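Worksheet: one structure, shown below.
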Amino acid sequence: MAKAKFERTKPHVNIGTIGHVDHGKTSLTAAITIVLAKTGGAQATAYDQIDAAPEEKERGITISTAHVEYETKNRHYAHVDCPGHADYVKNMITGAAQMDGAILVVSAADGPMPQTREHILLAKQVGVPAMVVFLNKIDMVDDPDLLELVEMEVRELLSKYGFPGDEIPIIKGSALQALEGKPEGEKAINELMDAVDSYIPQPVRATDKPFLMPIEDVFSISGRGTVVTGRVESGIIKVGEEIEIVGLKDTQKTTCTGVEMFRKLLDEGQAGDNVGILLRGTKREEVERGQVLAKPGSIKPHDKFEAEVYVLSKEEGGRHTPFTNDYRPQFYFRTTDVTGTIKLPADKQMVMPGDNATFTVELIKPIAMQEGLKFSIREGGRTVGAGVVTKINN
């Protein structure tokens, strides 16, 4: 067969399987590839290939993640599956595997379990926009009333954590039957993929979002003015456009008078480009690493926020001891460290290495931020945690 595999003409979406241990996430992932392989939309991948997920490092944290790709009639998908619960927690908090949507796998025989709850909560906290449910192992349940009961429980749980529990598609099936090639098993997988296609919204492309570029370096070029360099995170910047410099100090307005890439002058820079941007009338000492250039009014500086954080274990090179209220580490946002103070919730005395927790942070200087922004927590230059901003408080 010719290697005319994935044409990139279809819109791309990142998804992942989440849910309690042993409810069938990896079997489902394998089943999707095997069923879609029949129509040429995937390379059939066996359970043990996915289960032996390689370790990856993301911001100093070791995470095991399996990646598979496949396509339906309408879309191309990159799908992540993690072998262990801790891998999910780390993955979702660090954003190592960006999820535009999730497939929540629940065993019909067991119903929602502790990690089912935790993954739904995490998905809400880190801003996974939508999810579809696969009620797995229905071949192990003889009683239709029990299936109905489990479905109701799942819907209530989703609503409790702020997802539209009444609207979310719940597909009932058996990943095992699909792996065995049974027609009813395959039918459920096809139904699931139709639901994923129609219910999980197409993500907004980075170039369609407002312009934002974290500043990495600042130079002054004699006779031309100040140039800041960095990688454009989102949007497009055109020569002549007004921009704001946000974070660390009061927000300033300036104008982009030139965009340079690989020493060539361009009319514009866009998401993903490493560029130098020439700023009109801005002095070298008025800009610094850690600020961002942004479309006016699109992002504001803040110093108080709530976060969901994973604290590295001792084995991962993290702290050996727990931390308590008023702990003051550095928070590394985009390109710079800012000191901040942690306030734990009233019912939590301490946070242990290897745990994840929700707490409030107050920084000594404001940073350009929006919900969903990722950061690292550092102590003396080493990473001790990773987090995501879940709510801005001022």
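Keep in mind that glycine also has a Cβ here, set from the backbone N, Cα and C atoms.
The stretch that Swiss-Prot tags with region 'G1', taken from the ranges 19-26, 179-186, 315-322, is 19-26. Range annotated as region 'G4' by Swiss-Prot, chosen from 48-51, 136-139, 268-271, 352-355: 136-139. The region 'G1' (19-26) scores a mean pLDDT of 95 in the predicted structure. Remote same-chain residues near the region 'G3' (81-84) are listed as 16-17, 21, 25-26, 29, 50-51, 53, 63-66, 68, 91 (criterion: CB distance under 8 Å, separation of at least six residues from the stretch ends). Fewest other C-beta atoms within 10 Å: among the binding-site residues LYS25, HIS85, that description fits HIS85. Separation of the C-alpha atoms of CYS82 (GTP binding site) and THR26 (Mg(2+) binding site): 8 Å, rounded to the nearest whole number.
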